[in-house]
Amino acid sequence: MSAAPLVGYSSSGSEDEAEAGARVRPGAEGRSRGQSPLPGQRLPVPDSVLHMFPSTEEGPVDDSAKHGGRVRTFPHERGNWATHVYIPYEAREEFLDLLDALLCHAQTYVPRLVRMEAFHLSLSQSVVLRHHWILPFVQALKDRVASFHRFCFTTDQVKIYTNQEKTRTFVGLEVTSGHAHFLDLVAEVDRVMEEFDLSTFYQDPSFHISLAWCVGDARLQMEGPCLQELQGIVDEFEDSEMLLRAYAEQIRCKSGNKFFSMPLK
């Protein structure tokens, strides 16, 4: 069996929408018995009182049960922001009807599959930016893609993907026309990544829209008959050729809970 293509997401979902990080609050150093505090210094607060009020500087515990069992790719660190560059995809009602048909059939093979909440096509891996890098990073992106025009693309090939750690599996629709435009955009995004000493995109990327996902490596169940049957549903769906044709009109960068849009000309 050939290796499944990789997706460029972090393994965590909702937590990436907020600042990543947890920092341990430095403990107060104790004094010798009977030693007076120096002028201007506060007396140390007893531990019994400190434990009544947990430090607000400490980040949340990374509980995978709270985000569908997903495992974080990189650890929380205060001041680090998970960052992703992509083209958003606005799903029409007919697209969601097709998605429902695909998901219903795929769940007969892998019942734990769930639908994606939003749709996009990745132009980068998920990387970590320091907070003070965000605006310079976004400005560099804007400068790099300023000359690009909107373009049409088609996504009508069903494909199974995993993340790098093989902790999540995705059902996606691969780009079958417009691939060269995506490569040109990735080349510019990669140059920005290199300027900030960040990971570039995959060498031979498979541009796609992820439709559904599940925890774990489900390739064995989904490749073969399941994949062929899903492709049949797409091919036979009414007006699927027109339905799965779309325009790339903007590039978006998500960094923590911040979104930056860069319209194409």
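Cβ atoms here come from the backbone N, Cα and C positions, even for glycine.
Listed in Swiss-Prot:
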REGION    1-67  region 'Disordered'
COMPBIAS  20-32  compositional bias 'Basic and acidic residues'
BINDING   HIS120, LEU121, SER122, TYR202, ASP204, PRO205, SER206, PHE207, HIS208, ILE209, SER210  AMP binding site
ACT_SITE  HIS120  active site, proton acceptor
BINDING   GLN164, TYR202, SER206, PHE207, HIS208, ILE209, SER210  UMP binding site
ACT_SITE  HIS208  active site, proton donor
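For TYR202 (UMP binding site), the nearest of the binding-site residues by C-alpha distance turns out to be SER122; the candidates were SER122, HIS208, SER210. Per the record's binding annotation for UMP, residues GLN164, TYR202, SER206, PHE207, HIS208, ILE209, SER210 show a top Cα-Cα distance of 17 Å. Comparing Cβ neighbour counts within 10 Å across the binding-site residues HIS120, HIS208, the minimum falls on HIS120. Counting in whole angstrom, HIS208 (AMP binding site) lies 16 from GLN164 (UMP binding site) by their C-alpha atoms. Local packing around the binding-site residues TYR202, PHE207 was summarised as the count of other Cβ atoms within 10 Å of each Cβ; on this measure the leading residue is PHE207.
With respect to Cβ neighbours within 10 Å, the binding-site residues SER122, SER206, SER210 differ, and SER206 shows the lowest count. A straight line from the CA of ASP204 (AMP binding site) to the CA of GLN164 (UMP binding site) spans 14 Å. Between the farthest pair of Cα atoms in the AMP binding residues (HIS120, LEU121, SER122, TYR202, ASP204, PRO205, SER206, PHE207, HIS208, ILE209, SER210), the distance is 18 Å.
SER122 (AMP binding site) sits 8 Å from ILE209 (UMP binding site), taking the Cα positions as reference. Under DSSP, TYR202 (UMP binding site) is assigned to coil, being neither helix nor strand in the three-state scheme. Counting only the Cα atoms, the space from SER210 (AMP binding site) to GLN164 (UMP binding site) is about 15 angstrom.
Its Cβ placed at the centre, ASP204 (AMP binding site) has 6 other Cβ atoms within 10 Å.
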